[in-house]
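J.: Pulled these features from Swiss-Prot for this protein:
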| type | residues | note |
| --- | --- | --- |
| BINDING | G368, D369, P370, G371, T372, G373, K374, S375 | ATP binding site |
| DOMAIN | 318-521 | domain 'MCM' |
| MOTIF | 497-500 | motif 'Arginine finger' |
| ZN_FING | 165-198 | zinc finger |
Amino acid sequence: MPPPAEEFAVDDLDEFESRLDSFLNRFHADDLRRILLPFPDGKLHFPLVIDFAELLEFDPEVAHQLYDYPKDVLELFDAAAQRALDKFDAAARRADKRKAGDETMEKKFVHVRVNTSGSALECPEASPSIGKVRVKHRGTLLTLKGTVIRSGGVKMIEGERKYQCRKCKCRFTVHPELEAGNRITLPASCKSKSAKGCGGANFQLIEDSITCHDYQEIKIQENIQLLGVGSIPRSMPIILMDDLVDIVKAGDDVVVTGRLSAKWSPDIKDVRSNLDPMLIANFVRRTNELKSDLDIPVEIINKFEEFWAASRATPLKGRNSILKGICPQIYGLFTVKLAVALTLIGGVQHVDASGTKVRGEPHMLLVGDPGTGKSQFLKFAAKLSNRSVITTGLGSTSAGLTVTAVKDGGEWMLEAGALVLADGGLCCIDEFDSMREHDRTTIHEAMEQQTISIAKAGLVTTLNTRTTVFGATNPKGQYDPNESLSVNTTLSGPLLSRFDIVLVLLDTKNKKWDKIVSSHILAENTEEKKGKTSDPEVMWTLSMLRRYIHYVKQHFKPVLTKEAERVISSYYQRQRQSGTRNAARTTVRMLESLIRLAQAHARLMFRNDVTKLDAIAAILCIESSMTTSAIVDTAGNALHSNFTENPDQECILKCDSIAYLSKNIKYLTDEISN
């Protein structure tokens with residue numbers, strides 16, 4: 001595309017405006033008529049969203065002018081929308097189609113909003129990352145994607161005022177310069193279009209002619225996942241006006257289309273003023289509801305269905321094929337891989353009878369000796385999640401994890417922390433034990449209620465933190481199996497009770513295990529092994545696992561069956577009656593954890609019913625967490641857990657074991673075959 005001229009100019013302005021009218025009448029007549037529906041206040045601002053792809057197909061020249069000169073063309077578009085609105089209003093009145101008392105107030109504020117989704121403007125040139133915005137983009141229509149990290153208050157700003165020449169009484173409108181601190185500059189001489197000209201330079205402000213607009217400043221930051229290691233995420237201030245204000249909050253993922261401009265930095269003594277870039281928004285779209293930009297074609301969904309149709313006779317073997325795709329470079333650790341999958345998939349959020357929301361996202365903590373693969377699982381889980389934030393306990397404070405109150409230009413604003421930025425995704429915290437006790441207590445509310453209540457600098461609000469927390473920590477010194485988790489990890493009981501799964505990975509001496517693991521690591525580096533994968537697992541690559549997790553979370557809402565309820569209830573009662581129970585773990589939260597994990601396992605198994613098999617899988621995950629009060633002897637060490645040849649038959653044996661110890665339920669051994 002050739003570089004645009006310095007100023008907007010067309011050969012025939014009337015003809016250009018008629019083309020805008022034709023576009024609106026052809027594609028948005030119904031939208032304009034909907035704006036005419038009864039509203040209590042005619043001073044409201046109404047958006048009219050147009051599709052840039054439709055405009056480009058209808059009139060390429062107008063679309064190019066809109067890209068090159070968005071400020072001028074959007075003003076003409078707003079005027080065209082107002083003309084069309086007045087025309088439809090007059091036509092309806094003449095036709096007398098309105099009922100008595102259905103008269104509407106005149107709508108004076110209609111703004112054309114440009115949606116560039118699915119158009120040519122999604123190319124890297126017109127939709128760069130925030131860190132790649134340059135001077136060449138100034139004045140053009142730009143689309144930026146990012147996360148809202150700061151949200152200011154809604155203010156009132158002057159939009160225009162009218163003056164009258166004292167000499168010829170000519171009236172004209174003056175718009176403030178937003179880039180210059182909303183300063184108004186009067187013309188040097190009268191703008192009269194009379195043949196003789198006026199030449200007057202003395203103007204008088206017309207009373208009650210000042211028009212004000214709602215105004216809000218936010219700041220968005222580019223997606224951390226799209227950056228390379230060592231890159232600093234860049235941010236961009238965004239100006240929202242009129243109907244766009246207060247539609248996003250800190251932590252929201254947004255796509256913003258607008259005009260790139262610049263404003264002078266505040267005057268500070270002995271500091272040189274600079275031009276800071278800013279985007280004057282025309283259209284804002286929240287992408288929180290999407291949670292993912294993953295495009296799952298029908299062919300991929302058919303592959304999922306075919307896979308489970310082929311695994312109908314041996315469903316657990318099919319499940320294990322999926323689990324082997326998680327951290328394939330690490331041998332074994334079946335229990336950990338199952339727990340990671342269930343944590344990422346999660347259960348179903350619901351609202352109880354009192355109106356309290358019960359979270360569906362599980363939390364997971366890995367406690368283990370150095371070299372047991374904890375950080376590897378954290379990084380792989382972050383890759384599998386559509387939205388993730390990775391941090392370490394040593395480099396995290398309570399403000400950095402939750403929210404910070406910052407002062408900008410004399411006004412206090414809230415800046416989102418890691419848990420808010422990970423809303424709807426995964427927050428990985430490595431070296432969890434390195435956090436100070438005060439910082440750890442600040443995330444209690446974020447983990448259980450999934451909100452953060454803020455009362456800082458006069459700002460009182462609540463932000464969403466609907467995120468899964470995945471932590472990793474080392475034990476304090478040598479792990480003592482006879483002591484509780486609180487003693488071994490120095491983590492408080494209230495914090496431990498919020499983790500659904502706490503897996504302990506002990507690097508104990510095991511000659512057979514060491515030989516198998518060393519052979520696996522050496523085989524990965526031989527020429528014969530490179531580039532080869534086993535046939536059952538060749539399907540479950542990283543991208544396929546991401547699509548699968550996203551698909552089952554969106555399309556399956558499992559419900560517990562009566563048999564699954566009895567299994568979970570019996571196990572919970574057995575744990576509460578155990579003489580060696582851990583008081584910090586065996587609370588009502590453990591019962592909720594069992595339900596969440598059972599629902600997650602049902603999703604993993606590609607179904608909408610939580611069966612006894614899912615309940616037993618959830619119990620086995622919890623059993624691996626109950627290091628001192630496990631009631632199933634077959635739980636074993638999570639570090640040495642491996643994939644079995646016949647998992648379906650082995651599950652029947654574990655069913656019998658749990659049934660015998662629970663003593664409340666008669667298990668049917670044909671559960672899997674049915």
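FYI, residue positions are counted from 1 along the chain as it appears here.
Positions of Cβ are set from backbone N, Cα and C atoms, glycine also.
Please situate the listed features within the shown structure.
T.: G371 (ATP binding site) carries neither a helix nor a strand DSSP state and counts as coil.
Panel annotation: around the motif 'Arginine finger' (497-500), residues 343, 362-365, 444, 447-448, 469, 471, 584-585, 587, 589-590, 593, 596-597 of the same chain, lying at least six beyond its termini, place a Cβ under 8 Å from a Cβ of the stretch.
Residue counts for the zinc finger (165-198) under DSSP, split into helix (H, G, I), strand (E, B) and coil, are 3 helix, 7 strand, 24 coil.
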J.: Within the chain of S375 (ATP binding site), which residues six or more apart in sequence place their C-beta under 8 angstroms from its C-beta?
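T.: Residues satisfying the criterion: D430, A472.
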J.: So if I exclude everything within five residues of the ends of the zinc finger (165-198), which remaining residues of that chain have a CB under 8 angstroms from its CBs? That is, six or more out.
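T.: Distant Cβ neighbours of the zinc finger (165-198) are 157-159, 204, 206, 239, 261-264, 280.
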J.: With an 8 Å cut-off on Cβ-Cβ distance and a minimum sequence separation of at least 6, pull the same-chain contacts of K374 (ATP binding site), or say none.
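T.: Expected: L366, G368, D430, A472, L505.
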J.: Would you count the other C-beta atoms found within 10 angstroms of the C-beta of D369 (ATP binding site) for me?
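T.: So the Cβ neighbour count for D369 (ATP binding site) comes to 16.
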J.: My understanding is the cutoff is Cβ-Cβ under 8 Å with a sequence separation of 6 or more in the same chain; which residues meet that for G373 (ATP binding site)?
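T.: Counting only residues 6 or more apart in sequence, the Cβ neighbours of G373 (ATP binding site) under 8 Å are C327, I330, L333, V336, L505.
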J.: When you measure from the Cβ of P370 (ATP binding site), how many other Cβ atoms are you left with inside 10 Å?
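T.: Step by step: centre on the Cβ of P370 (ATP binding site), count other Cβ atoms within 10 Å, giving 8.
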J.: Would you list, in sequence order, the residues of this chain other than G368, D369, P370, G371, T372, G373, K374, S375 that have their CB within 8 A of the centroid of the site's CB atoms, where the site is the one recorded for ATP?
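T.: Leaving out the recorded residues gives L366, A472, N474, L505, D507.
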